[in-house]
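Everything below concerns the one structure shown next.
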Amino acid sequence: MGGAVVDEGPTGIKAVSVFFKELMREFGIGYSDTAWVSSILLAMLYGTGPLCSVCVNRFGCRPVMLAGGLLASLGMVSASFCGSIVQLYLTTGVITGLGLALNFQPSLIMLNRYFNKRRPMANGLAAAGSPVFLCALSPLGQLLQDHYGWRGGFLILGGLLLNCCVCAALMRPLEAPGGRQGPGPQRPARRLLDLSVFRDRGFVIYAVAASVMVLGLFVPPVFVVSYAKDLGVPDTRAAFLLTVLGFIDIFARPTAGFVAGLKRVRPYSVYLFSFAMFFNGFTDLTGSTAGDYGGLVVFCIFFGISYGMVGALQFEVLMAIVGTQQFSSAIGLVLLLEAVAVLIGPPSGGKLLDATHVYQYVFILAGAEVLTSSLVLVLGNFFCIGRRPAAAPEEAPKPPEDVRVDSREVEHFLKTEPEQNGEVVHTPETSV
């Protein structure tokens, strides 16, 4: 069930982008004002990461996800009654964004609880749920807009988001056999946010690279449908581009997870992630030369491959850099930093489009930003944290411990080191 909710924020944004043209006509606004809807939604998804961690540690994954599903649905239903773009910012952006965030992070945590040894592959398969729903939601959004308008479409999508509550109900928590009392009293003693992670140069480099990457990563999916419509492509065929992107993404994520899980590849996953970002940025640059529908289809195919690789590797690489103990703090801080970049990325692309009325410039800007992030990560890794893969053989005895913990579904770890139970069970080591 993790695939149904992992990475659902970006999926929702790509689906909502189908309604952008109609929103612009309804409220008499430009591309940049409309793009703020997706930016606020993404900012809530990423920026509330630390808050979601606190909620999960206090109440558990299942209740938090149930509340998140209700909020996400409430936001979309309320948006269908909005009379201004500002109201849409508050409903679709803030309320729905917060609801999706309360589903996003618990799904990562639960995935980590269920898997360890084969976590990269599990992450790739779970993350494939995002493009699966994208393939369905993009044409569905266009169909709803054609038959019911954007208001009716938002209302129906709000009802569909209630399925997040169903996913939450199926998130079975793992507990110690015999109802051990160890886990309960130790949870409040956990550190909710460990800022000492900033002392790790590898983490700082990763955080900077990830923030720069997010500036351009989500821009092409937001604008590709409007780009096609601007070329005179019918609305239904334009929306089909996101279906193509999502279909390719379905296979790219588990494949990337499988490759990253190979014994010879896993110690060098940072370089694989750098290549994925470089591939994505290069795809954006070449996509800027597309002048017809066929060119945009080819762009979406290669963008789906590179985007899937990035999605499957980004948090797996973060854990490889900071390690198990600091990952829970690191992921919250990285998401918070990326939230700032998310607020800048799509609106800046919209501003550029309003000023030039040339979609190619938007894709060039996005590609340059993602390419820069890949160079920051690969060069920083080579000079600052490049020695870590070489040191991996010295730490070889540690991975088998993780494997034993996972093979016993946490119970073995509870028996041998109960004082660390809270740290391991609640650490969201996963990738999306």
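Using N, Cα and C of the backbone, Cβ positions are placed for all residues, glycine too.
If you look up TrEMBL, you'll see 1-385 marked as domain 'Major facilitator superfamily (MFS) profile'.
Annotation source TrEMBL lists transmembrane segment at 35-56 (among others).
Per TrEMBL, transmembrane segment is recorded for 63-81 (among others).
The transmembrane segment feature in TrEMBL is assigned to 87-104 (among others). The list of residues near the transmembrane segment (87-104) in space but at least 6 beyond its ends in sequence, with Cβ under 8 angstroms from a Cβ of it, reads 5-9, 12, 16, 23, 36-37, 39-46, 48-49, 51-52, 55, 64-65, 67-76, 78-79, 154, 161, 164, 167-168, 432.
What TrEMBL lists as transmembrane segment is 125-144 (among others).
Feature annotation from TrEMBL assigns transmembrane segment to 150-171 (among others). Tertiary neighbourhood of the transmembrane segment (150-171): same-chain residues 1, 4-5, 8, 15, 19, 22-23, 26, 61-62, 64-66, 68-70, 72-81, 92, 96, 99, 103, 106-107, 110, 137, 141, 144, selected by CB-CB distance under 8 Å and a gap of 6+ residues from either end.
For the transmembrane segment (203-226), same-chain residues at least 6 beyond its ends with a Cβ under 8 Å from one of its own Cβ atoms are 10, 13-14, 17-18, 20-21, 31, 35, 38, 42, 46, 197, 238-239, 241-242, 245, 277, 280-281, 284, 287, 296, 299-300, 303, 307, 310, 314, 317-318, 321-322, 326, 330, 333-334, 337-338, 340-342, 344-346, 348-349, 353, 359, 362-363, 365-370, 372-374, 376-377, 380-381, 384-385. Per TrEMBL, transmembrane segment is recorded for 203-226 (among others).
Residues or ranges marked as transmembrane segment in TrEMBL: 238-256 (among others). Remote same-chain residues near the transmembrane segment (238-256) are listed as 14-15, 17-18, 121, 124-125, 127-128, 130-135, 138-139, 141-142, 221, 224-226, 228-229, 272, 276, 296-297, 300-301, 303-309, 311-313 (criterion: CB distance under 8 Å, separation of at least six residues from the stretch ends).
Summarising the annotation, TrEMBL assigns transmembrane segment to 268-287 (among others). Proximity of distant same-chain residues to the transmembrane segment (268-287), defined by a Cβ-Cβ separation under 8 Å and at least 6 residues beyond the stretch ends, is recorded for 120, 209, 213, 216-217, 219-220, 256, 259-260, 295-296, 299, 302-303, 305-307, 309-310, 313-314, 316-317, 320-321, 363-364, 366-375, 377-378, 381, 385, 389.
The transmembrane segment feature in TrEMBL is assigned to 293-315 (among others).
Residues or ranges marked as transmembrane segment in TrEMBL: 327-346 (among others). Beyond the transmembrane segment (327-346), the same-chain residues lying 6 or more positions past its ends with a Cβ under 8 Å from any Cβ of the stretch are 35-36, 38-40, 42-47, 49-50, 52-53, 105, 108, 191, 193-195, 197-198, 203, 206-207, 210-212, 214-219, 222-223, 315, 318-319, 366, 369, 426-429.
Sequence annotations record features per position, and here TrEMBL assigns transmembrane segment to 358-379 (among others).
Mean per-residue pLDDT, taken over the domain 'Major facilitator superfamily (MFS) profile' (1-385), amounts to 82.
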